[in-house]
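Per TrEMBL, the features are:
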- 63-72: compositional bias 'Basic and acidic residues' (COMPBIAS)
- 76-92: compositional bias 'Acidic residues' (COMPBIAS)
- 170-185: compositional bias 'Polar residues' (COMPBIAS)
- 107-153: domain 'Putative host cell surface-exposed lipoprotein Ltp-like HTH region' (DOMAIN)
- 156-203: domain 'Putative host cell surface-exposed lipoprotein Ltp-like HTH region' (DOMAIN)
- 42-109: region 'Disordered' (REGION)
- 168-192: region 'Disordered' (REGION)
- 23-41: transmembrane segment (TRANSMEM)
Amino acid sequence: MAKKIKDESGNTYVQKKPVYKRVWFWILVVLVLIVGGSALGGNKDNGGKKGAENKAATSSSSKVEKAVDKTSDVSSSDDDDYDYDDTTDNSSDDTTASSSDESVPTEYKSALATAKEYSDQQHMSKSGLYEQLTSDAGEKFSAEAGQYAIDNLKADYNANALATAKDYQEQQNMSPESIREQLTSDAGEKFTPDEANYAIQHLND
């Protein structure tokens, strides 16, 4: 309740309470504090949100950079792992060889196969093989087919001469000189003198 006072003239006045003693003042102060605190809290929340957003943006940027780096590394690794083959393709050579085989007449191929059998099984000389292939009493191949077979046959004629010489020695008990003569004779095996010499030198090996 307001306090009444009188002045010197006898007039009565109501003495007003100081502002800080009024209830509404303190209510206003409390409201201001609450609003101010809320504002500060909001700023802090906004700051926290902004900080979180900044951190998220930084993290996303970092992840993107790492992903780009990994992609670059993978691309580089793929380039390193991939060996560029600059060597010349040999398929054309194979095709040429195949074409060459196909161009060989069947008679020539048969003559070569027959020559190989005689060389492996009967250890014949080069001249003996040719005569056997082309003779009327032999295989009757053409001279061209016989020559093709002799030219393309891979035979060790020294080894053939030695094998033939050992057959003569073991089966007919012939002397070395008789064996040499039989090996080189036109009526015999038709080996060359060098091939016969090789056979005689290794006869007892």
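Cβ atoms are placed via backbone N, Cα and C, with glycine included.
Averaged across the domain 'Putative host cell surface-exposed lipoprotein Ltp-like HTH region' (107-153), pLDDT for the predicted model comes to 97.
Across the compositional bias 'Polar residues' (170-185), DSSP helix (H, G, I), strand (E, B) and coil residues number 12 helix, 0 strand, 4 coil. Note: the domain 'Putative host cell surface-exposed lipoprotein Ltp-like HTH region' (107-153) comprises 35 helix, 0 strand, 12 coil (DSSP; helix = H, G, I, strand = E, B).
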